[in-house]
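These notes concern the structure reproduced below.
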């Protein structure tokens, strides 16, 4: 397994976003995780495709992953593709037509991720894993940064890895150098770290510590 770390910019300084994003990439991140919230699917509001498009002009070669915590993910596929998004993650709970949405994302030229919230049984997503490039296991309730990592989600990661040895499994929510080891042992190879990276003055060390702990665990 190859590890990819994509810090979330949810708690970054939005007035200085491009500079902060560049600092994160310069500190060793593999991609940026962009949390898009609409105030409906989750009780919070962040930013949409216009901000993503502006960021793309400043960071032309950086991988952008959009985590779409929105009520109608099919509405934003084309705008996000045009904004320069590389991977589009939608929530299983937000749509009734998974196959059509997956096809729409692929036709727009983006990779596909499917996420599930903590209360969603892992069996609900199993039938769709073959359709996507990545499965996202939320280890906090989506909507806000800075929450506590939910250890009880680890069995979901283990189960998906046991069934799908080659799929990318992403973990998002409260991940730090303290608990990344159990994520690695379970089979997660794509890590979203929010405050563990953006909340520190030494982002280079924070990302290096995450990599070291992941390597130790596997």
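Using N, Cα and C of the backbone, Cβ positions are placed for all residues, glycine too.
Residues or ranges marked as substrate binding site in TrEMBL: 8, 67, 143, 144, 145, 146, 174, 194, 195.
If you look up TrEMBL, you'll see 33, 35, 67, 172 marked as divalent metal cation binding site.
Per TrEMBL, active site, proton acceptor is recorded for 35.
The active site, proton donor annotation in TrEMBL covers 172.
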What is the maximum Cα to Cα distance, in Å and rounded to a whole number, among the residues 8, 67, 143, 144, 145, 146, 174, 194, 195 annotated as binding substrate?
16
Between residue 8 (substrate binding site) and residue 172 (divalent metal cation binding site), the C-alpha gap once rounded to whole angstrom
9
Sparsest Cβ environment (other Cβ within 10 Å) among binding-site residues 8, 195 belongs to 195
Given the binding-site residues 143, 145, 174, which one is most crowded in terms of C-beta atoms within 10 angstroms?
174
